[in-house]
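One structure is given here, and the rest of the page talks about it.
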Amino acid sequence: MPTDPASERTGASPSRRRPLLVAAAVVVVLLIAAFGVRSFVVAPFRVPSSSMAPTLRTGDVVLADRSTRGTAERGEIVVFDGSGYFPKQGAISSYWVKRVVAVGGDHISCCSKGRLILNGKPLEEPYLPRGTDTSTVRFDLEVPEGRMFVLGDSRTDSTDSRFLLGQPGGGMIPVDRVVGEASRIVWPRDRAGTPGQLGSAR
(Lines of atoms letter the chains of each structure in order from A and count residues from 1; the text may use other names and numbers.)
(Lines give C-alpha, C1' and ligand atoms only; values in the text may rest on other atoms or scores of the structure.)
Protein backbone atom coordinates (compact mmCIF):
# COMPACT_ATOMS: atom_id res chain seq x y z
CA MET A 1 0.00 0.00 0.00
CA PRO A 2 1.39 3.46 -0.85
CA THR A 3 2.45 5.62 2.01
CA ASP A 4 1.97 9.34 2.47
CA PRO A 5 5.32 11.08 1.82
CA ALA A 6 4.32 13.93 4.17
CA SER A 7 3.82 11.57 7.08
CA GLU A 8 7.18 9.98 6.38
CA ARG A 9 8.85 13.39 6.55
CA THR A 10 7.21 14.45 9.83
CA GLY A 11 6.96 11.22 11.77
CA ALA A 12 10.13 9.85 13.37
CA SER A 13 10.66 6.12 13.34
CA PRO A 14 10.52 4.20 16.65
CA SER A 15 14.27 3.61 16.52
CA ARG A 16 14.89 7.36 16.25
CA ARG A 17 12.44 8.27 19.02
CA ARG A 18 13.87 5.82 21.53
CA PRO A 19 17.09 7.74 22.37
CA LEU A 20 15.07 10.95 22.79
CA LEU A 21 12.63 9.26 25.16
CA VAL A 22 15.47 7.76 27.17
CA ALA A 23 17.21 11.13 27.44
CA ALA A 24 13.97 12.81 28.53
CA ALA A 25 13.36 10.12 31.14
CA VAL A 26 16.88 10.53 32.52
CA VAL A 27 16.39 14.30 32.84
CA VAL A 28 13.07 13.82 34.67
CA VAL A 29 14.59 11.27 37.06
CA LEU A 30 17.54 13.55 37.81
CA LEU A 31 15.24 16.51 38.51
CA ILE A 32 13.05 14.44 40.82
CA ALA A 33 16.11 13.06 42.61
CA ALA A 34 17.64 16.51 43.05
CA PHE A 35 14.40 17.96 44.40
CA GLY A 36 13.80 14.98 46.66
CA VAL A 37 17.31 15.04 48.13
CA ARG A 38 17.16 18.79 48.71
CA SER A 39 13.77 18.49 50.42
CA PHE A 40 15.03 15.63 52.57
CA VAL A 41 18.36 17.16 53.57
CA VAL A 42 17.29 20.73 54.35
CA ALA A 43 14.09 22.46 55.43
CA PRO A 44 13.42 26.21 55.61
CA PHE A 45 12.22 27.85 58.84
CA ARG A 46 11.29 31.46 59.46
CA VAL A 47 12.64 33.03 62.67
CA PRO A 48 9.52 34.32 64.49
CA SER A 49 11.11 36.56 67.13
CA SER A 50 14.21 38.47 68.20
CA SER A 51 15.21 35.91 70.83
CA MET A 52 18.28 34.88 68.82
CA ALA A 53 19.39 38.44 68.00
CA PRO A 54 21.83 39.62 66.86
CA THR A 55 22.80 36.28 65.30
CA LEU A 56 19.32 35.74 63.86
CA ARG A 57 16.71 38.45 63.38
CA THR A 58 12.94 38.39 63.20
CA GLY A 59 11.93 37.31 59.70
CA ASP A 60 15.23 35.63 58.82
CA VAL A 61 14.80 32.33 56.99
CA VAL A 62 17.24 29.60 57.98
CA LEU A 63 17.82 26.15 56.56
CA ALA A 64 17.68 23.27 59.02
CA ASP A 65 20.12 20.52 58.08
CA ARG A 66 18.02 17.37 58.38
CA SER A 67 21.10 15.17 58.23
CA THR A 68 21.70 16.28 61.85
CA ARG A 69 18.16 15.39 62.93
CA GLY A 70 18.00 14.01 66.47
CA THR A 71 21.49 15.25 67.41
CA ALA A 72 22.80 18.27 69.31
CA GLU A 73 26.27 19.64 69.93
CA ARG A 74 27.24 22.48 72.23
CA GLY A 75 27.20 25.82 70.46
CA GLU A 76 24.94 24.73 67.62
CA ILE A 77 21.83 26.67 66.70
CA VAL A 78 19.07 24.11 66.26
CA VAL A 79 15.46 24.01 65.12
CA PHE A 80 13.41 21.75 67.38
CA ASP A 81 9.85 20.76 68.14
CA GLY A 82 9.05 22.29 71.52
CA SER A 83 5.48 20.99 71.82
CA GLY A 84 4.75 19.86 75.37
CA TYR A 85 7.75 21.81 76.67
CA PHE A 86 7.58 25.32 75.21
CA PRO A 87 4.40 27.34 74.59
CA LYS A 88 3.24 27.54 70.98
CA GLN A 89 4.51 30.46 68.93
CA GLY A 90 1.47 31.95 67.26
CA ALA A 91 -1.53 29.91 66.24
CA ILE A 92 0.07 26.70 65.03
CA SER A 93 3.87 26.69 65.21
CA SER A 94 5.56 24.50 67.78
CA TYR A 95 9.04 24.89 66.29
CA TRP A 96 11.73 26.88 68.05
CA VAL A 97 15.20 28.10 67.14
CA LYS A 98 17.70 28.27 70.01
CA ARG A 99 21.37 27.72 70.78
CA VAL A 100 22.49 24.54 72.54
CA VAL A 101 24.68 25.45 75.53
CA ALA A 102 24.74 22.10 77.33
CA VAL A 103 24.01 18.45 76.50
CA GLY A 104 23.52 15.21 78.41
CA GLY A 105 25.98 14.77 81.29
CA ASP A 106 26.97 18.46 81.39
CA HIS A 107 26.85 20.51 84.57
CA ILE A 108 25.91 24.11 83.89
CA SER A 109 25.33 26.99 86.27
CA CYS A 110 24.85 30.75 86.32
CA CYS A 111 26.86 32.71 86.95
CA SER A 112 30.43 33.61 87.92
CA LYS A 113 31.71 37.08 87.04
CA GLY A 114 28.93 37.39 84.50
CA ARG A 115 29.66 34.11 82.71
CA LEU A 116 28.00 30.72 82.56
CA ILE A 117 29.99 27.88 84.09
CA LEU A 118 30.06 24.67 82.06
CA ASN A 119 31.63 21.61 83.68
CA GLY A 120 33.59 23.79 86.07
CA LYS A 121 34.95 26.25 83.47
CA PRO A 122 33.70 29.65 82.26
CA LEU A 123 31.83 29.25 78.97
CA GLU A 124 33.15 31.41 76.14
CA GLU A 125 30.28 32.86 74.12
CA PRO A 126 31.77 35.03 71.36
CA TYR A 127 28.39 35.33 69.63
CA LEU A 128 26.99 37.51 72.45
CA PRO A 129 27.27 41.30 72.09
CA ARG A 130 29.95 42.85 74.26
CA GLY A 131 28.64 43.72 77.72
CA THR A 132 25.69 41.32 77.53
CA ASP A 133 24.60 39.84 80.86
CA THR A 134 24.71 36.11 80.17
CA SER A 135 21.63 35.52 82.33
CA THR A 136 19.59 37.29 84.97
CA VAL A 137 18.14 33.93 86.02
CA ARG A 138 20.30 31.88 88.39
CA PHE A 139 20.47 28.12 88.02
CA ASP A 140 22.70 25.18 88.84
CA LEU A 141 21.84 21.89 87.21
CA GLU A 142 22.98 18.75 85.46
CA VAL A 143 21.55 17.91 82.06
CA PRO A 144 20.16 14.34 81.84
CA GLU A 145 21.39 12.08 79.07
CA GLY A 146 19.44 12.50 75.86
CA ARG A 147 18.48 16.09 76.71
CA MET A 148 19.77 19.56 75.89
CA PHE A 149 19.73 22.96 77.62
CA VAL A 150 19.01 25.76 75.16
CA LEU A 151 19.23 29.55 75.36
CA GLY A 152 18.52 32.44 73.03
CA ASP A 153 21.41 34.74 72.14
CA SER A 154 19.28 37.70 73.24
CA ARG A 155 19.41 36.71 76.90
CA THR A 156 17.05 39.47 78.09
CA ASP A 157 14.42 38.72 75.43
CA SER A 158 14.24 34.95 75.12
CA THR A 159 11.88 32.28 76.39
CA ASP A 160 14.21 29.34 76.79
CA SER A 161 15.30 26.57 79.16
CA ARG A 162 15.90 29.03 82.02
CA PHE A 163 12.23 29.93 82.27
CA LEU A 164 10.97 26.35 82.15
CA LEU A 165 13.00 24.93 85.03
CA GLY A 166 9.86 24.25 87.06
CA GLN A 167 7.95 22.76 84.14
CA PRO A 168 7.80 19.10 82.99
CA GLY A 169 11.26 18.14 81.80
CA GLY A 170 12.84 21.05 83.68
CA GLY A 171 13.26 23.05 80.49
CA MET A 172 15.62 20.46 79.07
CA ILE A 173 14.48 19.31 75.65
CA PRO A 174 14.86 15.73 74.36
CA VAL A 175 17.53 15.69 71.67
CA ASP A 176 15.30 13.56 69.48
CA ARG A 177 13.08 16.65 69.08
CA VAL A 178 15.79 18.33 66.99
CA VAL A 179 14.71 18.84 63.37
CA GLY A 180 18.20 19.93 62.35
CA GLU A 181 21.01 22.39 62.86
CA ALA A 182 20.35 25.88 61.48
CA SER A 183 23.08 25.60 58.89
CA ARG A 184 22.55 28.76 56.85
CA ILE A 185 20.64 32.03 56.66
CA VAL A 186 19.08 32.23 53.20
CA TRP A 187 16.83 35.28 53.56
CA PRO A 188 17.11 38.22 53.38
CA ARG A 189 19.84 38.05 50.77
CA ASP A 190 22.02 40.70 52.39
CA ARG A 191 22.20 38.52 55.53
CA ALA A 192 22.83 35.20 53.82
CA GLY A 193 25.42 33.39 55.88
CA THR A 194 27.31 30.15 56.35
CA PRO A 195 27.57 28.10 59.56
CA GLY A 196 30.77 29.93 60.52
CA GLN A 197 28.92 33.23 60.46
CA LEU A 198 26.22 31.84 62.72
CA GLY A 199 28.70 31.64 65.56
CA SER A 200 29.94 28.90 67.85
CA ALA A 201 30.68 28.20 71.49
CA ARG A 202 33.70 26.79 73.21
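Glycine too: its Cβ is placed from the backbone N, Cα and C atoms.
Because TrEMBL annotations are produced automatically, they should be read as predictions rather than curated entries.
What TrEMBL records for 20-41 is transmembrane segment.
The domain 'Peptidase S26' annotation in TrEMBL covers 25-187.
Annotated active site per TrEMBL: Ser51 (among others), in sequence order. Listed in sequence order, Val97, Lys98, Gly152, Asp153, Ser154, Asp157, Ser158, Thr159, Asp160 are the same-chain residues six or more apart from Ser51 (active site) with CB atoms under 8 A from its CB.
Per TrEMBL, active site is recorded for Lys98 (among others). Cβ-based neighbour count (10 Å, all protein chains) for Lys98 (active site) stands at 27.
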